[in-house]
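Colleague: Sending over a structure as structure tokens; questions will come in a sec.
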Amino acid sequence: MARIGDGGDLLKCSFCGKSQKQVKKLIAGPGVYICDECIDLCNEIIEEELSESSELKWDELPKPREIYEFLDSYVVGQETAKKTLSVAVYNHYKRVQAGGSSGDGSKGEVELAKSNILLLGPTGCGKTLLAQTLARMLNVPFAIADATALTEAGYVGEDVENILLKLIQAADYDVKKAETGIIYIDEVDKIARKSENPSITRDVSGEGVQQALLKILEGTTASVPPQGGRKHPHQEFIQIDTTNVLFIVGGAFAGLDRIIESRIGKKSLGFRAVLHGKDDPDGSDVFGDIMPEDLLKYGMIPEFIGRLPVITSVSNLDREALIRILTEPKNALVRQYKRLFELDSVDLDFTSDALEAIADQAILRGTGARGLRAIMEEVLLSVMYDIPSRKDVARVVVTREVVLEHVNPTLVPRDVVSKRAPRQEKSA
């Protein structure tokens, strides 16, 4: 088919027609041949198609109201934070859609700057969940990094470039896709310097990390080691542009409320002073009055604060909010545990006062919504241990006494349930 001459020694590519002398390599198949040039061309076509399919469809960019409604189905409360994030994320990806500039050449192009987000508030109130839910809705790569593990370059610990590696890995090493992703840096309050005054000694895990993060937050082409770890002079690097990467920076910022109160004069002394308890929900509402100077006093450097123009906060969760978290969201804990018991053909029910007791325990422990799962595990441990081995139990009922007094939940046998069923049919 592709043989030339009687000797059959001269072959040519079945696709482009070039002879084996005109190309570097000719690969044989069953009755066909393909050259290295055609293979390279096929690879380019496949890569282009994959990159086009992996890109975010900007025509379908959700509006702020749609983003808010999606967040509302997963996150209970925190209306101000959800509204702020919805607007900030929409504006960010609208900027990416516009290519970072607006206007025509005659009037001069207007560059749209990036607006990273600072999300502060007590632990267990939904900061991480908000960021995760945003990434899920937009279908963009998402990575979570812990600021406490980061150190300045040259010291023991993780380099800031490892944050970008996590994003690249989340995008299956598709760098172009990773360049429009979201990075959530948690525990950023732990890299605050010890005082607002510059330190004489080198602060490699505090101020040094803040300085190392500056260029990445602002937008730069960073060199990332493909296997992580420290940089070596002879290894290859992945180049990633962080200009269109949205950074959401979160932290509990314990003690920041006192700095804000002292500035706005809310703190009072004397016999008639209004005292707020440690777990008073009003304590976190003061974050709504935050100013950059408060973060400066806390230990964040001015350059770092300046790269986080959007500041929003989450508030402490009260009993009503915690009960809603247990029952309302799509992935509510009560629904999750009911599903676990359904897999063993057992119904699980919680009385209303049991849910109130679980919420009260979470408030007492000061762990917020994150502590609800630990309490549920403690309450259901004995039942989850016995139920898989028993076939006579049809229903488990958890009451307030089970939560507070650690008694065993009520087990309803299958024969009782089956006897009740015909009676209900007769009455109906």
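Glycine is treated like the rest: Cβ placed from N, Cα and C.
As annotated in Swiss-Prot:
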type    : residues                                       : note
BINDING : C13, C16, C35, C38                             : Zn(2+) binding site
BINDING : P122, T123, G124, C125, G126, K127, T128, L129 : ATP binding site
DOMAIN  : 1-54                                           : domain 'ClpX-type ZB'
Colleague: Check T128 (ATP binding site) against DSSP and tell me helix, strand or coil, would you?
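Modeller: The three-state answer is helix.
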Colleague: Rounded to the nearest Å, what's the C-alpha distance separating G124 (ATP binding site) and C38 (Zn(2+) binding site)? Just drop the number here, would you?
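Modeller: G124 (ATP binding site) to C38 (Zn(2+) binding site), Cα-Cα distance: 56 Å.
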Colleague: Here's one to test understanding: among the binding-site residues P122, T123, C125, K127, whose C-alpha is closest in space to the C-alpha of C35 (Zn(2+) binding site)?
Modeller: K127
Colleague: To the nearest whole angstrom, what is the C-alpha distance linking C16 (Zn(2+) binding site) and L129 (ATP binding site)?
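Modeller: So the alpha carbons of C16 (Zn(2+) binding site) and L129 (ATP binding site) sit roughly 54 Å from each other.
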Colleague: According to DSSP, folded down to helix, strand and coil, what is C38 (Zn(2+) binding site)?
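Modeller: Once the DSSP labels are grouped into three classes, C38 (Zn(2+) binding site) ends up as helix.
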Colleague: Among the binding-site residues P122, G124, G126, which residue has the largest number of other Cβ atoms within 10 Å of its own Cβ?
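Modeller: That would be G126, with the highest Cβ count within 10 Å.
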Colleague: List the same-chain residues at least 6 positions away in sequence whose Cβ sits under 8 Å from the Cβ of T128 (ATP binding site), in sequence order, or say none.
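Modeller: Listed in sequence order, they are I144, Y184, D186, G250.
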Colleague: Measuring Cα to Cα, how far is G126 (ATP binding site) from C38 (Zn(2+) binding site) in Å?
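Modeller: Here the two Cα atoms lie 52 Å apart.
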Colleague: For C35 (Zn(2+) binding site), list the number of other Cβ atoms lying within 10 Å of its Cβ atom.
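Modeller: Step by step: centre on the Cβ of C35 (Zn(2+) binding site), count other Cβ atoms within 10 Å, giving 24.
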Colleague: Select one residue from C125, L129: among these binding-site residues, choose the one with the most other Cβ atoms within 10 Å of its Cβ.
Modeller: C125
Colleague: Find, for the listed binding-site residues C13, C16, K127, the residue with the lowest Cβ contact count at a 10 Å cut-off, counting only other Cβ atoms.
Modeller: C16
